[in-house]
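Report on the following structure.
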Amino acid sequence: MQYNLTRIDPDAPNDQYPIGERETVSDPLEDQVHKNIFMGKLEDVLSGAVNWGRKNSLWPYNFGLSCCYVEMTTAFTAPHDIARFGAEVIRASPRQADFMVIAGTCFIKMAPIIQRLYEQMLEPKWVISMGSCANSGGMYDIYSVVQGVDKFLPVDVYVPGCPPRPEAFLQGLMLLQESIGQERRPLSWVVGDQGVYRAEMPSQKEQRREQRIQVTNLRSPDEV
């Protein structure tokens, strides 16, 4: 599996995004196993245990901007029960959150505020873009709307829809958990390579293309 390695560049200008460099590499743990099989396997076990704890205790920092936020909050109700995934503890401060959900239309005036809140989050941190407006500006192709939050934030998961159903948000959360389970992060903030290795996850759109092409009977939304 291929990984995207991201390193922070302290000498990069402040107006550069992302503030760092990216490159595609192979799994770093495989290289470690080839060098020292004992330490490599030990690091693999420790990394798996840490990732398991991280992905099952994600605390969200919600930033609702429009109608998609209503669908997101519905996922916290009893019929959907987001507590099954360990993500029911909404944080009021970004310093206590693990991931941020951008739900709704992002206006240009709000972009600096969102970016500042993201920078206040502690590592490791992730971003979910929820809804067509957050993903690409949606139907608001106008001067005052940012055409996608990935213009100024590193987005990990995109949840399509206008607005997405709560089930779609939960699926996006599960995809984020799957991605976190395969990440390669330094186990210490002092020792080792400080780069972050993120697995290249396949697109759900491409994975289900053949299945969608074979559909011949289109049911109404009330029957789904």
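Glycine too: its Cβ is placed from the backbone N, Cα and C atoms.
Source: prediction; values computed, not measured.
Swiss-Prot lists 1-20 (among others) with the feature region 'Disordered'.
Sequence annotations record features per position, and here Swiss-Prot assigns [4Fe-4S] cluster binding site to C67, C68, C133, C162. Sequence-distant contacts (6 or more apart, same chain, Cβ under 8 Å) of C67 ([4Fe-4S] cluster binding site) comprise G104, G131, P163.
The region 'Disordered' annotation in Swiss-Prot covers 201-224 (among others). Counting residues 6+ beyond its ends, the region 'Disordered' (201-224) has Cβ neighbours under 8 Å at 175, 178-179 in the same chain.
Per Swiss-Prot, compositional bias 'Basic and acidic residues' is recorded for 203-212.
The annotation compositional bias 'Polar residues' is assigned in Swiss-Prot to 213-224.
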Could you check the binding-site residues C68, C133, C162 and say which one's CB has the fewest neighbouring CB atoms inside 10 Å?
C162
Please list, for the region 'Disordered' (201-224), how many residues fall into helix, strand and coil according to DSSP.
12 helix, 0 strand, 12 coil
Once DSSP output is merged into helix, strand and coil, C133 ([4Fe-4S] cluster binding site) belongs to helix
